[in-house]
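Below is one structure, written out as structure tokens; comments come after it.
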Amino acid sequence: MFPGAGYVTGRLREAKKMTAGRIMEAGKFIEGSHLPVKRVDEVAETLREPGIITGYRNENCSALQAMVSLFNATNETVNFWTHFLAFFYFVWLLVSLSTVMPLFEDAYYFPLTCYLFASCAYPLMSCLAHAFSCLSLTALHICYFIDYAAISMYTWAVALIYYFYAFPTHLMNTWYSQIFLPIAVINSFLATFCASSSRFFKSTTVQKILRLLAFVVPFVWDSAPLVIRLYTCDYETESCGESSIYHIHQFVCVGIAFFFYGSHLPERLAPGCFDYVGHSHNLLHVFSIIATNEQMRAIIIDLKHQKHRLEAINWIPSSFWATVVSPSVFALNITLVLVLAYSLFTHRNCCNQPSLK
């Protein structure tokens with residue numbers, strides 16, 4: 001009755017069989033029979049981490065194997081889930097806050113909106129990088145290019161909220177306030193460039209230094225006005241009296257996260273004992289998320305308590321920074337990632353060396 005109905009039915013049957021086969025294949029992978037973990041001497045040098053002896057995935061997994069591996073015990077499983085769950089937590093906070101604050105209507109809240117989106121993006125990009133870095137050695141580097149870009153966007157968003165909600169009163173409308181955000185833009189771009197280009201160097205020491213500098217410099221620049229404000233503000237009359245404890249918690253957590261990232265402890269002290277749970281990258285993830293949460297709590301207190309005072313002295317956020325500059329910073333970072341990815345494809349052999357995360 002319907003021309004071609006037989007052909008369509010046949011294709012649907014084939015699709016059904018293929019889907020069923022994929023599901024059965026995934027089931028076998030989940031049982032672990034097709035996805036054994038490897039020891040450090042069985043994987044490419046690029047994948048090796050100090051103090052991690054076993055739990056490595058194959059460097060040429062399929063996308064399905066990569067996803068199924070997240071439900072098996074590997075040295076990336078906790079890395080994925082710590083940031084995957086954090087992503088949903090921050091999305092929930094974004095949605096919840098949007099019901100009580102005009103995040104998309106009032107320009108005063110636009111910096112916070114950018115910050116909330118960046119806080120959702122960086123754990124998402126991180127967990128995706130940890131999930132799919134096993135597709136190939138090339139995919140490993142590109143995944144982390146994107147991860148670094150997301151962190152760089154987060155550093156920009158932090159500069160934005162500190163500038164508009166936590167800037168020292170006596171430094172407003174000075175040369176320092178005029179250069180603060182432009183330099184934060186430059187820092188964001190350089191952070192992506194330095195962290196990503198570190199993967200082109202053979203020396204693990206050079207890699208580690210470049211990556212630490214890539215994010216320590218923006219952190220110091222972003223935090224400087226906040227530290228000055230906490231040191232000079234009147235704790236009895238200003239919001240810093242209530243928010244300072246959360247700001248301090250954030251600094252402590254960031255310091256701990258940097259310590260674990262730079263030291264590769266505790267796995268260096270007991271190689272093989274923290275292959276799956278408790279190694280330095282797990283702890284980096286946990287403390288970075290706690291730091292972001294404490295930072296978010298502090299800045300929400302500041303913006304609520306300071307709104308009328310800041311409006312009275314005409315320190316009002318310009319929508320230009322959130323609606324024009326922020327998308328431009330994002331586009332700049334994505335363009336840089338594409339350029340570096342193209343460079344990686346044209347010089348594939350240059351990145352086949354140890355590459356710390």
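Placement of Cβ uses the backbone N, Cα and C atoms for every residue, glycine included.
Quick look at what TrEMBL annotates:
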TRANSMEM  80-101  transmembrane segment
TRANSMEM  107-132  transmembrane segment
BINDING   H130, H281, H285  Zn(2+) binding site
TRANSMEM  144-167  transmembrane segment
TRANSMEM  179-197  transmembrane segment
TRANSMEM  209-232  transmembrane segment
TRANSMEM  319-345  transmembrane segment
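Neighbour density for H130 (Zn(2+) binding site): within 10 A of its CB lie 28 other CB atoms from the protein chains shown. In this view, H285 (Zn(2+) binding site) is surrounded by 24 other Cβ atoms within 10 Å of its Cβ, with every protein chain counted. Long-range neighbours of the transmembrane segment (144-167) within the same chain, counting only residues 6 or more positions beyond its ends whose Cβ lies under 8 Å from a Cβ of the stretch, are 111-112, 114-115, 117-119, 121-122, 124-126, 128-129, 133, 177, 180-181, 184-185, 187-189, 191-192, 195-196, 199, 214-215, 218-219, 221-223, 225-226, 229, 295, 299, 302-303, 306, 310, 315, 317, 321-322, 326, 329-330, 333-334, 336-337, 340-341, 357. The 10 Å shell around the Cβ of H281 (Zn(2+) binding site) contains 22 further Cβ atoms across the protein chains shown.
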